[in-house]
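Feature list (source: TrEMBL):
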type     : residues  : note
TRANSMEM : A:6-30    : transmembrane segment
TRANSMEM : A:42-61   : transmembrane segment
TRANSMEM : A:94-111  : transmembrane segment
TRANSMEM : A:118-138 : transmembrane segment
TRANSMEM : A:144-161 : transmembrane segment
TRANSMEM : A:168-191 : transmembrane segment
TRANSMEM : A:265-283 : transmembrane segment
TRANSMEM : A:317-335 : transmembrane segment
TRANSMEM : A:347-380 : transmembrane segment
TRANSMEM : A:386-404 : transmembrane segment
Amino acid sequence: MAANNLRHALFCAIVTLIISFPILGLNLEAKGINITLTGAKTSTYVAIVLAAVVVFVFQIFRDSFMGVLGKLPNLNPLAGREPMEQSKRVKLESWILTGIVIFALFWPFLVSRGSVDLATLVLIYIMLALGLNVVVGLAGLLDLGYVAFYAVGAYTFALLSQYTGISFWMALPIGALLAGLTGMILGFPVLRLRGDYLAIVTLGFGEIIRILLNNWTTLTGGPNGIGGIPDPTLFGMEFGRRVKEEGNTSFHETFGIAYASEHKIIFLYLIALVLAVITALIIRRFMRMPVGRAWEALREDEIAARSLGLSRTAVKLSAFTIGAFFAGFAGTVFASKQGFISPESFVFLESAIILAIVVLGGMGSQLGVILAAIAVTILPELAREFSEYRMLIFGAAMVLMMVWRPQGLLPMRRIHIKLNRQE
Amino acid sequence: MSMLVLENVHTHYGKIEALHGVSVEVNRGEIVSLIGANGAGKTTLLMTVCGTPQASSGRIILQGRDITHEPTAQIMRSGLAIVPEGRRIFSGLTVEENLHMGGFFNTKSEIRKSQAHVYELFPRLKERENQRAGTMSGGEQQMLAIGRALMSRPNMMILDEPSLGLAPLVIKQIFEIIGQLRDEGITVFLVEQNAHQALNLADRGYVLETGKIRLHDTGKNLLENPDVQNAYLGG
Ligand SMILES: Nc1ncnc2c1ncn2[C@@H]1O[C@H](COP(=O)(O)OP(=O)(O)OP(=O)(O)O)[C@@H](O)[C@H]1O
Ligand SMILES: [Mg+2]
């Protein structure tokens, strides 16, 4: 047993050496047209050896370490109770959510401009993740091309504003509906596929949409993107220093206050907040409706669900369409926030991050998804110095999650529906 | 008056033919049992009635309507319910939610009524109303599967080996319930390995062998048939 452990630890340490030596210890340098191989600083070699030692020690004590990790106090106060208390838990979750929203309302008046801007981004990710949560978490359809619908929403607004001068408020429903429609059209042929196959095909669709945007230069401007996307207005009041659109007034003049560039950012944040709350409420509503249970039933046992008369295509398509709809919602807000969009913003990594949020959040639980969205967007910003290691930290976090909370931060507690017996 | 008629039904899985021209008739208010060895095609026959897989030739008529080419979703909303092989309850949902899924296309008041009825048949389910279905015992899960099928208020119920893996006492209870269903006017088409009890309960029975009907007779006659006794009743 102990000898076995020792051998294993030695092996791991050697692998660490083999992997890190060429990557960190050798540098390729371009000298003129030639490339030369040079060694690294001595400190790097020391670090490599130290890393191997750490790996060795960790592997030796791995069992006890993992044991400790497994016994970490459960930080989730709601975990591990049985369904009888479910109604209580749902109530608690609602209270926490309400608390977060109230706090979020005051947030922009307490912090700097940059923080508000970042918070807007968080809200956009929350909308995206809540939407994807319907598809992946509830309906169990692994969609790796979700960003495509986000792009449809954003480009709908960008293009319509460029060609017809449409306002944000008009574009919002149109963008969401178009994204939903795209979801329905794409979903129809692919939803008969299962699991891995569905994942691959949706991944392909996501890329196709991005490549289309990139290459259809006459319409979309290709890689140059589209700029000049208007900001949202408040009842015809603009937030810029000067009024751009005829017939509009300016916010600061109407209220007789000095112009401040923060107004616009705070306003956008508040819009995103309201839309995120609306998204959460609508999806919550769906979860309580029969269609929400149908998503889960189909995910749990497709044959059983079909034997009860549910149509596989209809149920899956509804989840796919609703998810896409909210991605379009988020896309419109994103376009307005940035003022400029290009296909760069809709790469696969984006889909992966949204999916990571859903998985980290616990597949299905709204509060979990919201917390995960906050964590995934904010942590890299807090650790700006480590930005090169962002993906590394991300990966480490994922591995830790798998060990510590394999079901996500807050595994989904299903909303329990009871018929009212009195009526 | 026929509830369900299969006329010379052939069913294929890809190129392999699993049913080679099966004809079965179930009359209104009857219990009809189908027995046969493992792999004879019993489940295939039931699933063909439900439309997955669809019959490659022949006709299936449910309550006078030709359903041969109808999609599963439509067939299963036409007064037919199935208790599938291996129960297939939704293990992550609670007992009550499982039942509600069964009444998916019914109104709230209908659901309430059928739910009360199911709890009357299976008081055990009432006790476990809020329990996650996957955490229940095999017998309880089978009761739930039957209860869920009853929720849509079917005229006809198909059961695929409801006694599989259950203790004798529970099997007895399940068979009693099936008899009770007939008394309520539900037509029952029952597939069983447990040939003795199935034929005892049935008005009529069919014997399926490698995709073909070998015998059909009243339940009583089949029980006394020496071939059946040899092959299915342990000699
Ligand atoms: N999905 C499938 N694809 C291919 N062949 C199948 C499929 N399902 C069943 N078969 C084949 O069809 C034949 C009949 O199977 P079926 O499940 O109907 O038997 P059964 O009588 O229900 O058996 P058991 O008593 O074991 O449940 C078997 O040879 C089986 O291998
Ligand atoms: Mg079978």
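Placement of Cβ uses the backbone N, Cα and C atoms for every residue, glycine included.
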| query | Under 8 Å, at least three CB pairs between the transmembrane segment (A:317-335) and the transmembrane segment (A:42-61) (pairs 6 or more apart)? | reply | no
| query | Cβ pairs under 8 Å with the transmembrane segment (A:168-191): which stretch of A:144-161, A:265-283, A:347-380 has the most? | reply | A:144-161
| Quick one: do the transmembrane segment (A:144-161) and the transmembrane segment (A:347-380) reach 3+ CB pairs under 8 Å, ignoring pairs fewer than 6 apart in sequence? | yes
| What parts of the chain pack near the transmembrane segment (A:347-380), using Cβ distances under 8 Å and only residues at least 6 beyond its ends? | 93, 96-97, 100, 118, 121-122, 125-126, 128-130, 132-133, 136-138, 143-147, 150, 203, 206-207, 210, 280, 283-284, 387, 390, 393-394, 397-398, 401, 407-414
